[in-house]
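Okay, so here's the structure we're looking at.
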Ligand SMILES: CC(=O)N[C@H]1[C@@H](OP(=O)(O)OP(=O)(O)OC[C@H]2O[C@@H](n3ccc(=O)[nH]c3=O)[C@H](O)[C@@H]2O)O[C@H](CO)[C@@H](O)[C@@H]1O
Ligand SMILES: C=C(OP(=O)(O)O)C(=O)O
């Protein structure tokens with residue numbers, strides 16, 4: 001077990017390079033199964049979710065070679081369409097093996113996925129999509145079995161806007177016969193990125209990034225080279241940390257339009273944000289003003305950023321309300337932040353935060369991935385020493401988080417418990 005020891009209260013200053021997007025990489029890697037040959041994918045973050053997926057790829061017979069941030073994937077010799085429980089339950093994205101294996105082999109046997117414990121995380125919309133394409137799907141002893149003689153394009157209306165279901169249906173439909181239309185599709189940048197990757201392999205997907213996606217089935221997908229987009233959530237975490245520590249950071253290798261829901265809020269709070277072509281500079285500008293946040297599917301404010309944002313709101317002037325509209329149980333971290341002096345209460349789907357002058361260092365735990373990012377931002381912001389436990393959550397989704405903060409002048413060290 002490892003923990004961070006952080007001495008906070010210093011402004012973060014300098015430049016930080018953003019890694020490839022976790023939620024794009026975790027879909028693109030299993031998607032490479034759809035090509036019967038070699039794909040080269042760059043800008044892949046070296047995070048635990050990537051390593052967990054590569055274990056699953058190797059288990060089914062895919063050859064993978066991960067050099068730096070580039071993965072060479074050779075799917076020409078797959079031997080199995082079943083994923084074992086102990087590999088699948090380490091992360092959420094194992095559900096993408098369903099769409100990818102079903103799409104290529106018309107058969108997949110994948111355990112119920114793991115991932116952050118942020119409420120009930122059903123996969124009924126994924127299953128509805130696969131069934132609509134003609135697959136028989138059932139769950140037995142915790143394993144999802146999907147099988148079809150052939151997949152036939154279909155019209156699928158998602159009852160809820162779901163990133164996972166949208167991507168999974170795209171994967172399964174790429175080589176289905178005829179046209180598949182996904183209505184009420186998710187519009188997140190990583191949905192568009194996966195569609196672009198599939199199109200680079202020869203798929204015919206139009207409309208990704210809008211709420212209607214049209215997929216014309218093709219007979220096969222070819223090898224390709226692809227570079228995935230920067231991580232919108234990692235970028236946002238550093239932008240918020242710049243503001244909360246009264247720092248001055250240039251966040252490099254970002255797509256500024258992906259950051260607009262956050263940029264707009266930071267500006268509303270009085271933070272100086274300057275957008276470049278592929279970078280954003282964030283400058284602390286005195287104590288921020290309280291604002292309300294409502295998490296929503298893209299282009300709304302991302303649910304994966306409300307946790308570090310709570311830190312900034314916690315030291316802002318006035319009362320802020322965060323309303324979590326995507327997950328029903330994503331405020332567990334508030335109790336941890338209270339140990340640092342956060343003045344907040346949770347009422348149903350809302351956290352009501354009364355800003356205090358400063359946070360004080362304390363011993364806290366990462367209750368999940370983004371809660372972990374919030375603890376790190378809070379520890380760097382708070383006066384005095386903090387200890388952050390349960391780093392395994394943070395390591396699922398952030399590449400070298402402490403090194404990047406050290407580069408910005410943060411006093412943070414990883415030590416063995
Ligand atoms: C690996 C990955 O990309 N994880 C992200 C993905 O999770 P994930 O793909 O699990 O999230 P979804 O977009 O599917 O979930 C959104 C909402 O739809 C509901 N739902 C979803 C599927 C379904 O079949 N039935 C159903 O009811 C969920 O309970 C939730 O309330 O998108 C979330 C929303 O942006 C992010 O917080 C996660 O970081
Ligand atoms: C909830 C998240 O991850 P996962 O869906 O992989 O659990 C996240 O990335 O914030």
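Glycine is no exception: its Cβ is also placed from the backbone N, Cα and C atoms.
Residues 92, 121, 122, 123, 124, 125, 304 are recorded by TrEMBL as UDP-N-acetyl-alpha-D-glucosamine binders, and the candidate that the same record lists for that site, out of 282, 291, 311, 326, is 326. Looking only at other Cβ atoms within 10 Å, the busiest spot among the binding-site residues 23, 125 turns out to be 23. Checked against ligand 2, the recorded positions 116, 121, 123, 124 give 116 in sequence order as having a Cβ less than 6 Å away from one of its atoms. Ranked by how many other Cβ atoms sit within 10 Å of their Cβ, the binding-site residues 124, 304 place 124 at the bottom. Spacing of residue 121 (UDP-N-acetyl-alpha-D-glucosamine binding site) relative to residue 23 (phosphoenolpyruvate binding site) is 16 Å (Cα to Cα, whole number). Per-residue pLDDT, averaged along the domain 'Enolpyruvate transferase' (6-404), amounts to 97 for this model.
With respect to residue 22 (phosphoenolpyruvate binding site), the closest of these recorded positions in Cα terms is 116, chosen from 116, 123, 125, 326.
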